[in-house]
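S.K.: There's a structure below that I have some questions on.
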Amino acid sequence: EHEDTGLLLQPLLEGQNYGAAAADGTQCPSVSVSRNNPAKRDCLVVAVLCFGNFINFIDWFIVPGIVLDIQKYFGLSDGKTGLLQTVFTLCYMLAAPIFGYLGDRYNRKIILGAGIFFWSGVTLGSSFITESHYRIFVLSRGLVGIGSASYSTIAPTIIADLFEEGKRTTVLSIFYIFIPVGSGCGYMLAAVMAKSTGDWHWAFRVTPCMGGLALLLLILLVPHRIQRKTAAHRALSISGTIQRADEKPDVHRTAKTTWCQDVGSLAKNGSFVCSSLGLTAMAFVTGALGMWMPLFLYRAQVVQGIVPPCLQESCNSSNSLIFGGITIGTGILGVIAGAEAARQLRKINNKADPLICATSMFISALCLYTALMVAQMNILSTFIFIALGELFLSVNWAVVTDILLYVVTPRRQSTAIALQILVSHLLGDAGSPYLIGAISNAIQAKNIPSLQWSFRSMQYSFIICAFVGVFGGGFFLLTSFYIEEDRKEAQR
């Protein structure tokens, strides 16, 4: 069944009134759930979507959390180890445009439910793969990426439908907080399960249970249709001129466009293009950090004599736990700080959003470069600068998405998010884990094998991330030149 997220509003189901209660800034009340309370219903929908996003990113970062164990189990080089995350991301980004197309035209609740069911089942199946079937394990990671794409593409557009600009920024911030929180918990869950059971396969047997719960909540609490709430719709509702789906539609307001026409229109949107390239730089850096930072920290500690080399199957998991905690803390703080800074600075500067993103990228790049340089001398300083680098990266998550949602017309938002996912992952974190591993392999091959060169090879290959971060800041600066006109065009 087709679902239109444009100006044509669907008939209200079961007497539900999706009026402007939440859009007016109504807070989630503390009373019991009521079917006739639109604000309460909206809050429940957001809670379910946040829980799904949390599980999504736990699954994403289970492999980096136990990368040492997996590397030893399958006997992998750095390059082949990075391939695991690269295949995941490639499948994720290739599936995103498909789900974007479907999300703009068909029922999004059904697509979300199918995605959760699929990726949970594949994750559970991958926990039974033996050491002689590395290729099947790689395939399973790719399939999990396909399921994750359905969620990341469609869930933000549901939030965009539920809330007006302003309050939407706050809700998106809450939603995107679960990117670093889920990522950090992925590291920690993987490390704890591997250590407590002595078998890293158990790390893949927890999230499928959580996925089943998320699917049940999705079925019970998320409406089959969700009506877009904007100031324009509220005004039309008050004047009694909203057109129902059972009335004769306005051809100009409901006409469907082809996917190619949508892409062509988005390609002419300077704010969308430049902010997507900035996000690509963010993805490149976060992908490399997410895959390799625990291993880099471990090799730095080995060189300093803090920990012994890993010779047994169950390797030291403390770095995954610490890095996971850093990711959670800096992610929450960064997303909240970014949203608040955007809300305050918009009052005095219409270009505040891209300028915030550019500044945070420049600072993050400097912090990451400093962390790499001091890693061999002082591990505490390394942790501090890594935390600062992640903090300023996290500032951008909700702000970048909000930029997309107000410079792109509503009926193209799923497609725009899907294209942004495709580009940012194709040129970003799809290749960065493998690229860092491949460069590390090449450096090691040219030098005498030693613990020192094992560390230095990773250190030198990581430096590319700092320079990519600078380019990302430059693209966000370019966004500021287009954003005012593109925002007015989207409103028209």
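Even glycines carry a Cβ here, placed using N, Cα and C.
Marked as transmembrane segment by TrEMBL: 43-63, 83-103, 110-130, 136-159, 171-190, 202-222, 277-300, 320-342, 354-377, 383-405, 417-440, 460-483. Positions annotated as domain 'Major facilitator superfamily (MFS) profile' by TrEMBL: 45-484.
Walk me through the surroundings of each of these features.
M.R.: Beyond the ends of the transmembrane segment (43-63), by six or more residues, the same chain brings 22, 28, 33, 70, 84-85, 88, 112, 116, 119-120, 123, 141, 144, 148, 151-152, 155, 158-159, 162, 171, 174-187, 189-190, 203-204, 207, 210-211, 213-214, 217-218, 221-223, 226, 290-291 to within a C-beta distance below 8 angstroms of the stretch.
In the predicted model, residues of the domain 'Major facilitator superfamily (MFS) profile' (45-484) average a pLDDT of 84.
Sequence-distant contacts of the transmembrane segment (277-300), counting only residues of its own chain at least 6 positions beyond either end whose CB sits under 8 Å from a CB of the stretch, comprise 61, 63-65, 67-68, 82, 85, 89, 183, 187, 307, 310, 315-316, 319-320, 322-323, 354, 357-358, 361, 364-365, 368, 375-376, 379, 382-383, 386, 389-390, 393, 396, 400, 420, 423-425, 427-433, 435-437, 451, 454-455, 458-459, 462, 464-465, 468-469, 471-473, 475-476, 479.
Sequence-distant contacts of the transmembrane segment (320-342) (same chain, at least 6 residues past either end, Cβ-Cβ under 8 Å): 64-66, 169-170, 172-173, 176-177, 179-181, 183-188, 190-192, 293-294, 297, 352-353, 356, 360, 383, 386-388, 390-399, 402.
Listed as Cβ neighbours of the transmembrane segment (354-377) (distance under 8 Å, sequence separation of 6 or more from its ends, same chain) are residues 271, 274-275, 278, 281-282, 285, 289, 296-297, 300, 303-304, 338, 341-342, 345, 384-386, 388-393, 395-396, 399-400, 403, 455, 459, 462-463, 465-470, 472-474, 476-477, 479-480, 483.
If one looks beyond the transmembrane segment (417-440) by at least 6 residues along the same chain, the residues whose Cβ comes under 8 Å of a Cβ in the stretch are 77-86, 89-90, 92-94, 96-101, 103, 149, 152-153, 156-157, 263, 266, 272, 276-277, 279-288, 290-292, 401, 404, 457-458, 460-462, 464-465.
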S.K.: Taking the transmembrane segment (383-405) as the reference, which of 136-159, 171-190, 202-222 gives the largest number of Cβ pairs under 8 angstroms?
M.R.: 171-190
S.K.: Looking only at the recorded stretches 83-103, 110-130, 136-159, which one has the largest tally of CB-CB distances under 8 Å to the transmembrane segment (202-222)?
M.R.: 110-130
S.K.: Against the transmembrane segment (136-159), which of these stretches has the most C-beta pairs under 8 Å: 83-103, 171-190, 460-483?
M.R.: 83-103
